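So that you can see what the record holds, here are the features copied from TrEMBL:
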- 208-229: disulfide bond (DISULFID)
- 282-351: disulfide bond (DISULFID)
- 307-328: disulfide bond (DISULFID)
- 59-154: domain 'Ig-like' (DOMAIN)
- 162-257: domain 'Link' (DOMAIN)
- 262-353: domain 'Link' (DOMAIN)
- 1-19: signal peptide (SIGNAL)
């Protein structure tokens, strides 16, 4: 008992010796538990990001800024625990991206091998991401933990790209939510988020058929209100049916595609081709038949303009127009569609070569 009392008095004396006039002190228990935990009184941990959002495209490398510092500034460097997590744009649970202490780090899931902490200066814990994927869009949280102190900030990662409407080959309103997800993935794209659809509406997207979005809602963008599309008395905007039953209800879908990692081009030999011949022609040219998302990305981001209808991988026939002109469809730019004609019909074909195949 006597020894215990003496140890307690020595501990209190050490704390008083570290005190300064503003009643600040901290006690470092590193020697006691080996965890380098710090207990604060009067020291504040701050965490901040230089910007609220970062914009990029698929395949890019990007840095999400985050830094921490102490007030008052500490005389010895600290190695707090840093955790990055991600909340998908469609909502849902957060997913761990990376955890780091000093130079040691561990990444998780789809982020494994694609992320690391930058550490260019004291307090720099920016997240460096490589080879961005379509589904990387969302809110990223940077959390710094030092003992009992826990501070965080967030950054939104938005991919640049194009939103396009898509329907089942049998016509409008045949897709459940799961079928809509699969349809977008099959066309080199992903389900569009509301923010992506809203941005496309501001850029002029006008579509009268309702489609699924990533959050499970069903909406459609109107820039020119008219009677068959909710009435001509409504103001322009994005119309919403709200959340629908993911299995029972059937709609079209709005997909999102970002920058191409290759090239889309029109191919027509000496004669037009049926669908099977078109597939073979692309293969013989060292390519594959382009997907709908790839054609839209080439039209929007690579300014592909061709007034020739061609087969695509889903069996549809389309062509991209960036400079509207006579005999090439409506007066607005866009990807024109002939729907899903019988596979024995004759057309050209749009092929796609990946970046590796172009070298």
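Using the three backbone atoms N, Cα and C, a Cβ is placed for every residue, glycine included.
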For residue 307 (disulfide bond), nearby residues of its own chain (Cβ under 8 Å, 6 or more apart in sequence): 319, 321, 325, 327, 328
Mean per-residue pLDDT computed across the domain 'Link' (162-257): 94
For residue 229 (disulfide bond), the number of other Cβ atoms found within 10 Å of its own Cβ: 17
Tally of DSSP helical, extended and coil residues in the domain 'Ig-like' (59-154): 6 helix, 49 strand, 41 coil
DSSP helix/strand/coil residue counts for the domain 'Link' (162-257): 22 helix, 32 strand, 42 coil
C-alpha spacing of residue 282 (disulfide bond) relative to residue 208 (disulfide bond), in angstrom: 34
Position of peak Cβ density within 10 Å, selected from the disulfide-bonded residues 208, 282: 282
Cα separation, residue 229 (disulfide bond) to residue 351 (disulfide bond) (Å, whole number): 35
Distance [Cα-Cα, Å, rounded] between residue 229 (disulfide bond) and residue 282 (disulfide bond): 39
Within the domain 'Link' (262-353), residues counted as helix, strand or coil by DSSP: 20 helix, 27 strand, 45 coil
Sparsest-packed of the listed disulfide-bonded residues (328, 351) - C-beta count within 10 angstroms: 328
